[in-house]
Amino acid sequence: MASAPASPVRVRFCPSPTGNPHVGLVRTALFNWAFARHHQGTLVFRIEDTDAARDSEESYTQLLDAMRWLGFDWDEGPEVGGPHAPYRQSQRMDIYRDVAQKLLDAGHAYRCYCSQEELDTRREAARAAGRPSGYDGHCRDLSDAEVEEYRAQGREPIVRFRMPDEPITFEDLVRGEITYLPENVPDYGIVRANGAPLYTLVNPVDDALMEITHVLRGEDLLSSTPRQIALYKALTELGIAKETPAFGHLPYVMGEGNKKLSKRDPQSSLNLYRERGFLPEGLLNYLSLLGWSLSADQDIFTMDEMVAAFDVSDVQPNPARFDLKKCEAINADHIRLLDTKEFTERCRPWLKAPVAPWAAEDFDEAKWQAVAPHAQTRLKVLSEITDNVDFLFLPEPVFDEASWAKAMKEGSDALLRTAREKLDTADWTSPESLKEAVLAAGEAHGLKLGKAQAPVRVAVTGRTVGLPLFESLEILGKEKSLARIDAALARLAA
Ligand code: GLU
Ligand code: ZN
């Protein structure tokens with residue numbers, strides 16, 4: 001079969017390196033990546049770092065690290081280069097200066113000398129009179145004499161883009177047809193008085209130069225779309241842009257209390273999910289459901305399955321709710337899907353310092369290999385592994401006082417003594433035999449298995465909940481297990 005021609009789809013992921021990466025950002029990256037891969041198109045990764053006051057190198061490094069951890073790849077951008085390099089806007093300032101000048105020369109933009117104070121006063125007046133309160137076009141057609149006068153006053157102009165006096169209609173890939181009336185989209189600043197170009201200029205200019213065909217981004221940017229479409233038209237006239245891209249705005253993500261999830265919300269910090277031991281594939285699976293679904297009856301899927309099925313026209317415009325419980329449940333399913341060997345490896349960061357409380361030399365690889373399969377069916381996030389296996393590697397169990405109080409009731413000492421006797425003669429290579437022993441001890445005291453095993457579990461592991469008890473006992477071994485029961489009996493006697 002002849003190979004299909006390379007698809008013309010070119011999308012971009014273009015975050016600003018401010019603060020820590022957050023889940024909203026990841027969802028945007030994911031949808032762009034899936035769209036590019038689905039269409040065998042090109043994903044451009046661009047860094048929008050023109051805001052020197054807010055951007056940081058640390059944040060840039062974190063962004064790249066996060067993208068790699070999530071498993072994304074990109075076809076053009078940092079570390080991989082490409083025909084439109086450089087991909088960091090801070091290294092493209094000459095380009096923007098040049099385009100701004102061309103827009104001025106062609107009359108698509110003009111210098112605005114209004115002071116902030118004047119703008120505020122006129123905005124207030126317009127508001128009071130019930131007129132649209134955006135920029136009023138004051139400097140659109142200044143005479144030479146007026147410009148002279150402003151210059152003489154030492155005013156430093158910004159550059160404003162001249163919006164056309166007609167409605168702008170576009171077909172949003174997610175929301176359908178949207179129209180903006182001219183009175184709601186006033187002329188807007190594209191270059192600061194100090195010469196620094198603004199997002200409003202550099203973002204569409206780079207989309208044009210990098211030949212982006214589809215812009216998929218958050219709904220918060222919807223209101224900038226009519227401006228960008230107008231700017232694109234001007235850029236096309238100037239021979240800078242080829243074609244206006246299609247736009248699709250991804251739904252808002254709502255957090256606690258049905259408020260928009262903000263990037264400052266602790267719940268939205270990607271680092272938090274990494275530290276808690278979410279699998280990238282689990283987190284991405286969940287984030288894909290914020291506005292999209294594979295099918296009505298399949299919540300769990302791989303990224304390959306998502307790529308095969310992803311279509312932006314299936315994205316829902318209504319706000320999506322971020323549900324941590326569901327996110328954890330989906331992650332848990334992905335933990336179950338791992339190959340056991342893979343699971344044992346992915347847990348490593350939580351099995352050593354500074355996370356794990358045991359000494360490195362007390363870690364026992366054979367015990368870990370033996371216990372891992374039992375943990376794999378139970379964890380929601382990988383960080384839970386530490387508490388689940390600490391009884392194997394600490395010299396003494398860490399007694400959780402609430403667990404102790406709950407399990408060690410009147411009569412628990414008698415039960416523990418009987419259990420110890422029966423366990424002493426049980427077959428320690430068989431969890432079934434250990435279970436029989438505890439069951440028999442329970443019977444001797446009129447207790448069902450659940451009640452009988454609670455004190456044994458707390459004596460040996462320190463907690464009332466954990467991995468299956470009899471497998472845990474077998475892995476810990478007879479000598480240590482019985483010594484811990486003795487220690488618990490001594491504690492009860494004290
Ligand atoms: N740098 C912008 C942001 O992070 C990009 C917005 C866009 O996708 O157009 O919000
Ligand atoms: Zn003005």
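Note that Cβ sites are derived from N, Cα and C of the backbone, with glycine treated the same way.
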Per TrEMBL, the range holding motif ''HIGH' region', considering 15-25, 81-91:
15-25
Motif ''KMSKS' region' range according to TrEMBL, out of 260-264, 315-319, 345-349, 430-434:
260-264
Candidates C112, D141, K263 (binding-site residues) with CB under 6 Å from ligand 2, in sequence order, are C112
When the pLDDT values for the domain 'Aminoacyl-tRNA synthetase class I anticodon-binding' (342-489) are averaged, what is the result?
97
Set of same-chain residues at least 6 away whose C-beta sits under 8 angstroms from K263 (ATP binding site)
G19, H22, G24, L25
Residues sitting within 8 A of the centre of the C112, C114, C139, D141 CB atoms (Zn(2+) site), not counting those, run Y110, R111, Y113, G137, H138, R140, L142, R160
The motif ''KMSKS' region' (260-264) - residue tally per DSSP class, helix then strand then coil:
0 helix, 1 strand, 4 coil
I need the most crowded of these binding-site residues: C112, C114, D141. Count other C-beta atoms within 10 angstroms of each C-beta and give me the top one.
C112
